[in-house]
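Among the features that TrEMBL reports, transmembrane segment is placed at 6-25, 56-78, 84-104.
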Amino acid sequence: MLVLIMVLLFTLVLLLAFYVINFVLSIKDMGKNKISAFECGFVSVGKIQNSFSIHFFIMMLMFVIFDLEIVMFLGILVSDLSSYVSFLLMIFFILGGFYMEWWYGKLAWVI
């Protein structure tokens, strides 16, 4: 029991020592670029309405949806033959969603 307490205490002291050494040795640059918010490539100064295009959000949403559908496909591939109807139903919904995105013009990349 005493060995366990000693190991725990040694671990906490070592963790605190590494934290203090990291804080002391780190570079503390307080320039404008360092303290500004990182906005994924576009400048965060100016009007908010002009800095973000809704097409980025739509493409991200489509990627997440189709990524989840691929995960569902992988689940169907390892299952038995009785899930064939659910596979066809899911394909129907995927193609229906794709047609709807095409119909409303959301697949055209215009900024």
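Using the three backbone atoms N, Cα and C, a Cβ is placed for every residue, glycine included.
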For the transmembrane segment (56-78), distant same-chain residues with Cβ under 8 A (at least six beyond the ends): 86-87, 90, 94, 97, 101, 106, 109
Tertiary contacts of the transmembrane segment (84-104) (same chain, 6+ residues out, Cβ under 8 Å): 62, 65-66, 69, 72-73, 76
